[in-house]
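Novice: My questions all concern the structure below.
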Amino acid sequence: MELNDQILEDLYEWIDQIPLSRQKKRIERDFADGYCVGEIVKHFLPQLIDLHSLTPAHNLQQKLANWGLLNHKIFSKFGLNVPLNITQNICNAKPGYIEVFLYNLRYKIDEKLNELEIKREHQQKAKNSPRNNNSSLNKIKVPTQLRIEYEEKVQECLQQAEEIEILQAKVRRLEHLLELKESRINELTDKLDKYRPTGVSAESSRLKNNNKNSVIVS
């Protein structure tokens, strides 16, 4: 597979946008040991790779070991397979091979990102479904200001209810005191009647006293 100038230019721009630990000098040598390839995967799909499993290398054996790990444990997760003869040519920094590989790697990464995005959209739709919404009404987040105002109103209602209870208790106490006073008045009236002549009520006694006073005055 040969890449035309437009594709290569677009590919180089894509690589330049990715932060790599090495300064880019010659692309076939920069990516020969596979470490920067691992950094590209880490940049787009960080959950798929642990860079500590790769070792920057200069000898061919370690380079092939890195590519073997990438091929079997990382690339397989998004459907990319690199034949051994291709990895050998890449490790030997033969011109033209790394560009074709990176072109295919970019395509597979884009596919995986689209797959993950579709999966996230499905999960979001499932969360927003009416059935799920009904089961999670109590989990709806209320804005902080509204929650504060609500709590203030609740406290205000509780305080008013407490004041009403206190007033009702005072009314009950006053009613009880009134009953006690009425009972005491009745009790004293009964005792007073015991000291009066038989058949003479307190009212008739009062009338007699008034008559006497009027006679004296006349």
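In case you wondered, yes, glycine gets a Cβ from its N, Cα and C as well.
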Novice: Give the range, chosen from 12-56, 147-191, that TrEMBL lists as coiled coil.
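Specialist: Based on what TrEMBL states, coiled coil spans 147-191.
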Novice: Which range, 72-92, 198-218, does TrEMBL list as region 'Disordered'?
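Specialist: It is 198-218 that TrEMBL describes as region 'Disordered'.
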